[in-house]
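> From Swiss-Prot, here are the annotated features:
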BINDING   LYS127, VAL180, PHE181, CYS182, THR183, ASN184, ALA185, ILE186, ASN187, ILE188  dolichyl phosphate binding site
BINDING   ASN187, ASP254  Mg(2+) binding site
TOPO_DOM  1-10  topological domain 'Lumenal'
TOPO_DOM  41-60  topological domain 'Cytoplasmic'
TOPO_DOM  81-93  topological domain 'Lumenal'
TOPO_DOM  146-168  topological domain 'Lumenal'
TOPO_DOM  189-194  topological domain 'Cytoplasmic'
TOPO_DOM  216-220  topological domain 'Lumenal'
TOPO_DOM  245-252  topological domain 'Cytoplasmic'
TOPO_DOM  296-377  topological domain 'Cytoplasmic'
TOPO_DOM  403-410  topological domain 'Lumenal'
TRANSMEM  11-40  transmembrane segment
TRANSMEM  61-80  transmembrane segment
TRANSMEM  94-120  transmembrane segment
TRANSMEM  124-145  transmembrane segment
TRANSMEM  169-188  transmembrane segment
TRANSMEM  195-215  transmembrane segment
TRANSMEM  221-244  transmembrane segment
TRANSMEM  253-271  transmembrane segment
TRANSMEM  274-295  transmembrane segment
TRANSMEM  378-402  transmembrane segment
Amino acid sequence: MWAFPELPLPLPLLVNLIGSLLGFVATVTLIPAFRSHFIAARLCGQDLNKLSQQQIPESQGVISGAVFLIILFCFIPFPFLNCFVEEQCKAFPHHEFVALIGALLAICCMIFLGFADDVLNLRWRHKLLLPTAASLPLLMVYFTNFGNTTIVVPKPFRWILGLHLDLGILYYVYMGLLAVFCTNAINILAGINGLEAGQSLVISASIIVFNLVELEGDYRDDHIFSLYFMIPFFFTTLGLLYHNWYPSRVFVGDTFCYFAGMTFAVVGILGHFSKTMLLFFMPQVFNFLYSLPQLFHIIPCPRHRMPRLNAKTGKLEMSYSKFKTKNLSFLGTFILKVAENLRLVTVHQGESEDGAFTECNNMTLINLLLKVFGPIHERNLTLLLLLLQVLSSAATFSIRYQLVRLFYDV
């Protein structure tokens, strides 16, 4: 399908890159231009980790998301240019066109639902339902275009399951859960300037490198498809990060977290590298597992779990969840004890007028790093977390191209 003139890059990718660079300029320009509009609409808030009471525009992910969509809407004809010349195209590749449109529909739905969350401040149960609904077009595209639900079984399990295993509907459940996880994973690992956009930028850069390496492989078309989305996403996110970096002049909002997560889910599923995609999310997976006791309210969870600012030192310190000891269930007590023994949490107990109370640090990767390294300046904490994301990507490439031999025949 992708038979284009010999260029350093295929023509559609070159057009995509040029459009993405224009998208970077547009994002950098539009965000300050719309600042007053968001503040007038009361889509603004204060940075809780700053002494300043200045109002900062929120939900700016809707701007980078809109620029991203405009780039790709204008780009739609270019992968199919050969079909405009009759002798170069025997039949129009409808399945590839459907994949492109279906992917854009899923991302567009997620941007809309994310913005609705920012405006309406939805509950957590809704945050799980929204990505599920937005992923349905994606699953239908996979069903109509591919429909393959058979996986290659890793070597250690082949003596039980055989070489191949057809998961059937469970494979679609897995893809739906992947979309839900990706959209919420970035949202959970958030709360300091530049972190949401920064981690997304590192992940997208890692995927771009992975796609470029795989262009010489057997699945060239899938990785070109992924690049069509990742290159514009990288540059629009870079424009957003320019304004969101410490000290942040804008907040990205849940809109960006959902937009980023669904974009990653789209390329992972339709690009057929969902396992590699999950490896790029190692810090987010750890943060999710570490946060589970609070997310399921086994251990009391405050509305905001971001670290707190020490006004005297100007550094961030761990934030805590304080609750009555008698209100903690047996399971919560057990989890807290195990986590304390593993030095994953700091627990304080004491007495107050209301009786015995327990206090533990909020269970996020951000607070865990503050527990390990002590109080850190916000900018340095963001850099530390992004360094961890880069190391995670390096580990992913090592697993994907070296350790994979232990599990699969490559």
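Here the Cβ of each residue, glycine as well, is placed from N, Cα and C on the backbone.
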> THR183 (dolichyl phosphate binding site) to ASP254 (Mg(2+) binding site): how many Å between their Cα atoms?
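About 9 Å separate the Cα atoms of these two residues.
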> For the topological domain 'Cytoplasmic' (189-194), find every same-chain residue at least 6 residues outside the stretch whose CB is under 8 Å from a CB in it, and list them.
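Beyond its ends, the topological domain 'Cytoplasmic' (189-194) has Cβ neighbours at 47, 49, 241, 244-248, 257, 283-284, 287, 304-307, 316, 364-366, 378-379, 381-382, 385-386.
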> State the Cα to Cα distance, in Å, between ALA185 (dolichyl phosphate binding site) and ASP254 (Mg(2+) binding site), rounded to an integer.
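ASP254 (Mg(2+) binding site) has its Cα 11 Å from the Cα of ALA185 (dolichyl phosphate binding site).
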> Return the residue, from the listed binding-site residues THR183, ASN187, with the maximum count of other C-beta atoms within 10 angstroms of its C-beta.
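Per the Cβ count within 10 Å, the most buried is THR183.
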> Is the transmembrane segment (253-271) packed against any residues at least 6 beyond its ends, judged by a Cβ distance under 8 Å, and which are they?
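Non-local partners: 43, 58-62, 64-65, 68, 99, 102-103, 106-107, 109-111, 113-115, 117-118, 127, 130-131, 134-135, 138, 141-142, 175, 178-179, 181-187, 190, 196-197, 200, 203-204, 207, 211, 222-223, 225-226, 229-230, 233, 237, 240, 277-278, 280-281.
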> Beyond LYS127, VAL180, PHE181, CYS182, THR183, ASN184, ALA185, ILE186, ASN187, ILE188, what residues of that chain have CB atoms within 8 A of the centre of the dolichyl phosphate site's CB atoms?
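Surrounding the site, in chain order, are PRO131, CYS257, TYR258, GLY261, GLN284.
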> If I take every residue in the topological domain 'Cytoplasmic' (41-60) and average their pLDDT values, what number comes out?
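The answer is 89, the mean pLDDT of the model over that range.
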> When the topological domain 'Cytoplasmic' (296-377) is classified with DSSP, how many of its residues are helical, how many are strand and how many are coil?
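Each residue of the topological domain 'Cytoplasmic' (296-377) counted once, the result is 24 helix, 25 strand, 33 coil.
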